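What TrEMBL says about this one:
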TRANSMEM  35-53  transmembrane segment
DOMAIN    57-181  domain 'Bulb-type lectin'
DOMAIN    374-460  domain 'Apple'
TRANSMEM  468-492  transmembrane segment
DOMAIN    533-805  domain 'Protein kinase'
BINDING   Lys561  ATP binding site
Amino acid sequence: MGRQCPPVIALSSTFDSTNTHCFYLIKLETMKTKLPKQFIIALFILAYLPVTWSTNINTLFPNQNITEGQSLISSNGIFELGFFRPDSTTDSFLGIWFRVSSDTIVWVANRDNPLKNTSGILNIHNNGSLALYDSSGRMVWSSSSNATSITNDFSPFLQLNDLGNLILKNQGSNNTIIWQSFDYPTNSLLAGMKLGKNLKTGFETVLSSWKSSSDPAEGKYKYKMDTEGAPEIILWDRDQIRFRTGMWNGLYFSETTQMLSYRDMFTFLFVWNQDEVSYGFEAKSSSTLSRVYLNEAGIMQRLVWDQDQQTWNEFWAGPKDECDYYAKCGAFSICQPNSVTACNCIRGFEPETPTEWYMRDYSGGCKRRTPLGCTANSDGFYVLKGVKLPDSHNATVAANISVEECRIRCLKNCSCLAYAPSNITGKGSGCVMWNISLVDIKHVNGGLDNLHVKVFKSELGTTNKKRLAIIAGTISSAVFVLLICFVGCLLWRKKKNSKQATKEKTLEENDSIKDADLPVFDMDTIAQATDNFSITNVVGQGGFGIVYKGKLPYGQEIAVKRLSGNSSQGLKEFVNEVTLIAKLQHRNLVRLLGCCIHDNERMLIYEFLTNKSLNFFIFDAEKRTTLSWRTRLDIVTGIARGLLYLHHDSRFNIIHRDLKAANVLLDEDMNPKISDFGTARLFEREHAVLCTETVIGTRGYMSPEYVQEGKFSVKSDVYSFGVLLLEIMSGQRNQGNQNLVTDAWKLWEEQSILKLLDEAVESTVVASELSRFIHVGLLCVQECPDDRPSMSSVFMMLSSDNLVLPTPRKSSASRSIGGFTADHHFYDSDIISVDQLTITGTEGR
């Protein structure tokens, strides 16, 4: 730092140009007594002694400097001003930091103009401003100057206070503030600082992020007060709104209910008058160190220092969940964090573009279902309770009126869409009215703000009618019970118990579906889509129900898997399939769009694939001619890729247990997608072997150990894949008297594998590829599970023609399992009967 001359009574001092010595001018003419000779000698010795800074100095005077290694420290040692270098850089900056955490920089002077490979010097310029120079004398930063304050008594000095505010004052004018760092914040809001706008001068204080953790230059994020309409603080990503705090309601900003939890630590200061709009805070205890911080990733944080743990604790952050991001759900909708579907239209509104809405693109928002009548008798208000109020930039603020008067005004004004109290403390009045689209509404846990949305009155009557119906039904039932005979009472109780059991089962399924985060369609929508489940729309039938083709109101084609209502197994399969496939995402797995639960009805809603299933092509004499050799190889490889994802690459490890041609669907480009996860099971380890007392699967595809012993593993799926591969190559089924696996082994031994090939592709087949694929298929259908390769090995063997493949081992499976001589019973659906089946849970490890 610069040096100050030690004070001496009756002397004046000057500082030499080298800043190393002080020269004293003795005013002898003012002395009434002659100074002793020894005292004069002592003064000359003192004049040539080097001057050093006090270690806790907090003030800088003119003709003094701060250089690297020197600093100003606030009076109680809370903040320090000096030079610092961020990690991994040689650039130097002048900044302020907390002394308890020296890497916590709260303000930077030359953030956009670093000192590169040079030292810096800070002093008070003769024009009344601070100036920062590099070692060559080039000015790299300066504060704003105030020329009008330079008078005869102008005596500036710089001071760092215990709030972290660096203040340049005029000592000759009652310490008038010339400049202060609090007016020019960087990325931190400190106690005593204001964030806002002076409405008279237009001057704003704005937080702006660093570019990176090692570059304090101004980044792309800004946190500033929006003074239009009802004021609120907005986090900007360049020119796009990223996050809003919501408007101030007298206690907190409507998004930030966490402020209530630490108001015993801070006093929140919100000013809104004709002169300014600003927000700030004060710590109730001087020992509380806190800051509101805008980090480089565009996240706002309220941080409080934990002295015991010597760390910063996060009290609040935003944006934190998906609903914090601006207009996540579009207009006239509400975002609900941690809900099955994040966005829902406000009552009386429906999706603007249903196609996008059902595909979880909510940005288009919602539109009014019934137009307003614009009369007091035709319209009413639906109350959204505990929400972040909508974007108030263009809202109208009515001060000094009651909430009831606000309601009346909004009801009379046809353009008014909603209103809310502007002060919920009970100590104030006024309200805010919205005349444009309601955007960025979020349900806030513990929120106290209520939004009154204007809707046509018919939209409000539904709930009351339902309640009256429930009450009337309850009363009628009670009277009926009193009048009927004892036998009727027993029947009623039996029916009631049955309904209760169904209700409990439904609740259990609903809990699982909620965890799956999957849209739930209503019965009317699905019935309309399938033309009331017309037989002409049936596209398939499996062991647990019928599959219908349908079309949603917005034009998307769907496949509806309607489970048999009388099958307890079907209900279990429903929950299993929903919770599994909803959490799986892969291009070779069918996409589940949602589900439908209505009384005993359980339906799965899939994307409709125009080419239906693989068996529709491969086992039809005419249609299989459309499957070229290259297409068949791509289908086999795609199935392998999907199965590899299930076994190894997804966040769950899943055994499909029913892989077959009917469960491989084809899109318009003939890309395969594995479907039907009703019988799938999770497993804990790659080589885990699971057991079941009852066997479920499709004849021709089940592995020997599964049929004979009830044991299954990932190698069971590998066996099914091998059978499916052979079917695709040959165009033949592996069932009944036609035992494809046996034939394949025989032709392999005779080296006549070309005879297995489907004649529809004989002219285009590549012999080496056929040999490799059949070889891999036979490796997959070996009797011993340990002999079969894993799907990762299968995929590698199919994808490379340079690998040396092991020799497959022929087994008894080729003689007995293929023809199903084992003693098991089968039904017309080709599904093994099952009386009890335990479906494992779908919780991730």
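Every residue gets a Cβ built from N, Cα and C, even glycine.
All annotation found in TrEMBL is predicted automatically rather than curated by experts.
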The residue listed as 'ATP binding site' CB neighbourhood, other CB atoms within 10 A: 25
Taken over the domain 'Bulb-type lectin' (57-181), the model's mean pLDDT: 89
The domain 'Apple' (374-460): DSSP-derived helix, strand, coil residue counts: 13 helix, 31 strand, 43 coil
Residues in the domain 'Bulb-type lectin' (57-181) grouped by DSSP into helix, strand and remaining coil: 7 helix, 60 strand, 58 coil
